[in-house]
Amino acid sequence: MALSQGLLTFRDVAIEFSQEEWKCLDPAQRTLYRDVMLENYRNLVSLDISSKCMMKEFLSTAQGNREVFHTGTLERHESHHIGDFCFQETDKDIHNLEFQWQEDERNGHEVLMTEIKKLTGSTDQYNQSHARNKPIKDQLGSSFYSHLPELHIFQTQGKIDNQVEKSINNASSISTAQRISCRPKTHISNNYGNNFLNSLLLTQKQEVRMREKSFQYNESGKAFNYSSLLRKHQIIHLGEKQYKCDVCGKVFNRKRNLACHRRCHTGEKPYRCNECGKTFSQTYSLTCHRRLHTGEKPYKCEECDKAFSFKSNLKRHRRIHAGEKPYKCNECGKTFSQTSSLTCHRRLHTGEKPYKCNECGKTFSWKSSLTCHHRLHTGEKPYKCNECGKTFSQELTLKCHRRLHTGEKPYKCNECGKVFNKKANLARHHRLHSGEKPYKCTECVKTFSRNSALVIHKAIHIGEKRYKCNECGKTFSRISALVIHTAVHTGEKPYKCNECGKGFYRKAHLVCHHRLHTGEKPYKCNECGKVFNRKTHLAHHHRLHTGDKPYKCNECGKVFNQKAHLARHHRLHTGEKPYKCTECGKVFNQKANLARHHRLHTGEKPYKFSECGTVLN
């Protein structure tokens, strides 16, 4: 491939596309085109060749493609001195159009080329003020064109319809306007436009990158093409913050950071999500928000391969692997991996409950607790079990429920090895070993290991019996007692002994009965060493040592150590005889008396005298 090299002006390297040709380029090619053309223009601006005529060249080129080219960064105005002349950059004017271009590009709109014409008048004003009303070309004379940047293009033979091969060795005798008027427009057909663009622009891009970086920072050793970039880099190292907010006084090291910060005060949110319409004050926030719609999770944990939508979430997650807990509570010294967790924890010390239910006025320390509570009013149960279809208002409740299907019991007692499917059940069980009874009755100072037991106990003091039997009208303070009582009417005894087939109303009764077959007596008296198969029997026996008789007769004042003894004694005052013989109809006030009487009918004599062999009933 034959290459021809020539020293050209900005207009000579400008490429024009028709509207149809421009649409054929992908975004990456458009960006590359924009960056290189702007770089070429800036090289001319640095020598103040951005006269009105040259600016119109740039504008007409841009207008043909209906795109505005932006650097993406805002650079501070600087001055370059060549002899006695000062040349000011026009980056600020270019940046003023940057935001509008980004907005139109994001929304898919065509850029209005009338906006960029604002740049046209700026160069004329500068020429008048800095060159004593004389154009810079006249000031420099014949040396003017020696300052032109060497912009080389390599033309691919046979791929350009109307190539213009011009040398500007005699540029001093030809005016800029003449060069513009005599230069034919170069159009690129759709067949080879993309290939030519890549070849031309990439070559120029490489020249820019290969250019010597003459501005170096001694601290970091980093070099830059422009002194403005070096100045920005120095600000980062020095911690210099020269842009101050007029409202709150906060300072920033970049002007664009200050502009973003000001939106916090004004409430301006110029960036809008096309999916849901939500608006944001920063373009970065919009970018992160869009990932919620796309499901994109670009941040991946190297330890467990878990992915996240936000970099901050990945940073917090990494603390789990590292065990890092940088946030410490000043009250109790407890540490946390997240600052939000520390904030919530502090409310335990302050008692603050900032979240209030609008329905009932109840307050909560955590927002999640309020959300769960609110479902009690709405009846919402969004969490569903895939096994049985049961729904729950809390995700934790569903998680515990699933263990019923899987049989998982992850919580183990360190004392006896017993396992549980709920952490709360393990905590209650642990109190059996420690003897802890944190729930105290305010009426009688009695303590309990479970809150539910305390609630049941309180019903004794207030005499409340909310649960009523529909058969006989008898009331109970516990629903479990009502269920057991109902079995008396139905005759149902669902708990059956596998040894003898005897049935029981309650499971606890079956457990106690089973010890008669096994001979197990797990309850031992610490005073005399006597053992019992029931806990209630041990409690009754213990009163023999203490002399405690808590049950008192209201009629005669006699006291008893067992409730059953008081009930039996009370029948002497009332004359009640609830036990009736089915054979002869005789009634008795004690069950033991009925049992002895019943042997008269059966002839049973279970008691035998060992000395003489006499049997008695």
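Cβ atoms are placed via backbone N, Cα and C, with glycine included.
Among the residue ranges 8-30, 192-214, 215-237, the one that Swiss-Prot annotates as zinc finger is 215-237. Looking up the ranges 45-67, 551-573 in Swiss-Prot, the one annotated as zinc finger turns out to be 551-573. Across the range of the zinc finger (383-405), the DSSP-based residue counts are 11 helix, 4 strand, 8 coil. Long-range neighbours of the zinc finger (551-573) within the same chain, counting only residues 6 or more positions beyond its ends whose Cβ lies under 8 Å from a Cβ of the stretch, are 540, 543-544, 589-590.
Mean pLDDT, taken over the zinc finger (579-601), works out to 89 on the 0 to 100 scale. With a threshold of 8 Å between CB atoms, the same-chain residues lying at least 6 positions outside the zinc finger (467-489) that come near it are 456, 459-460, 505-506. Away from its own ends, the zinc finger (299-321) comes close to residues 288, 291-292, 337-338 of its chain (Cβ-Cβ under 8 Å, at least six residues beyond either end).
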